[in-house]
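Below: the structure, in structure tokens.
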Amino acid sequence: HLRMKRIPDQRLSVFSKLCFAIGGAPIQIAGSATGFFLQIYLLDVAQISPFQASVVLFVGKVWGAVSDPVIGFFISKSRWTKIGRLMPWYVLPDPEGSNAVGSRRNISKRGSLWRSLGDAEHHVLCFPPPKQKELYMIAAGVIAALFLLCTVVMLLGVKEKEDPYALGTEKPIPFHKGFYLVMRHGPYLTLTGGFLFITVAIQLVQSNFILFCMYAADLRDHFQNIVLTILLSAAISIPFWQWFLQRFGKKTAAYCGISSIIPFIILLVLTPHLTVAYVVAVSSGLSVAASLLLPWSMLPDVVDDFRLMNPFSKGHEAIFYSFYVFFTKFAAGISLGVSTLCLEFAGYLPRVCQQHPLVAYTLKLLIGMAPVAFIIMGLVLLLLYPINEKVRISPTLTVILNKVRAATLIIQ
């Protein structure tokens, strides 16, 4: 017979949320470091050609992209352990092959960081600029120490719990069947496509911004402060965007947050002045924060929508998240590789103060026209995204989710 088992309300404590946030912090630091400085490191410190740099950037991103669905497959087959089902993937394996919920984007990016820096290290030894080399090595060491420390904090401070949405009679669905169901889910495809283009745009701006400041805008002496302004603006604006999406809705937040960068980057390309650069830095930080926060705020809504249509499926979350990261990483890898290859065709020369005018023109395209086009395409796709606030908090959805949270079916 069937018996209903009441699940007590187990809300996460503030301490657990804080430890979880600390566990995810280093990847944002590493992502910012590689996003802004890896390309200039490869070109002007490692002194490899733009073609070689494009290969390093592309292979690093694609390898990270491929690892996500592969590890997602193994996660979907994982069993519950003493420290949880997903936590072992975060703590135990080598960073090259690890990826899990809470670190789905996390660990594979770590591997990309070390792999990319390692590929370039041989060239650093051949053409060693001592001070810059030492600074980059110190930065890499600090980030590695932060990874270790924050992983320990997350392991000790976060206790993984069983899925409160799951029914007791559920069995994990086969990976190929789950993949088939996920790839047919319209809201997921729309959301992934929209943020794929937006991610490519942000990556293009981020990776080429320092080169633009140095060789196209004559802001060589100010780019460190401008980058710091971008990062501070992004960090400070995260709470604002959290309030905004709760007040006005997630789709509205996406449009306001991401589209706000368009007029400012056009202004910077047309008027490369120091004051304009700082204004653009602040607006870019706002858009970067929105582009980082909103996908991971909207994906759970897609998962909930999928659960309503497939109430007896289980273990599909890893498929949703891993393939979202796969598509965005793969697209970003192609865009970064192609953009760096464009510098090769434009005649970029490492460690040359005055580049060919075609290089400056190429950087303006990579900072201006290309990101604007990708952002517009992404926002157009988000227009088709069907889950708005009315759908998300509809009475039917609320009732069903509350019932699923409140009880599981246990067969005896």
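Just so it is clear, glycine is given a Cβ too, placed from its N, Cα and C backbone atoms.
What TrEMBL says about a protein is an automatic prediction, not a curated fact.
Note that the structure is a prediction, hence the values are computed from the model and not measured.
The stretch that TrEMBL tags with transmembrane segment, taken from the ranges 20-43, 260-283, is 20-43.
Among the stretches 20-43, 55-75, 226-246, 318-346, 358-385, the one making the largest number of Cβ pairs under 8 Å with the transmembrane segment (188-214) is 358-385. Long-range Cβ contacts of the transmembrane segment (318-346) within its own chain (Cβ-Cβ under 8 Å, at least 6 residues beyond either end) map to 39, 43, 49-51, 53-55, 57-62, 64-66, 68-69, 71-73, 75-76, 99-101, 104-105, 108, 175, 178-179, 182-183, 188, 192, 195-197, 199-200, 203-204, 207-208, 211, 295, 299, 302-303, 306, 356, 358-359, 361-363, 365-366, 370.
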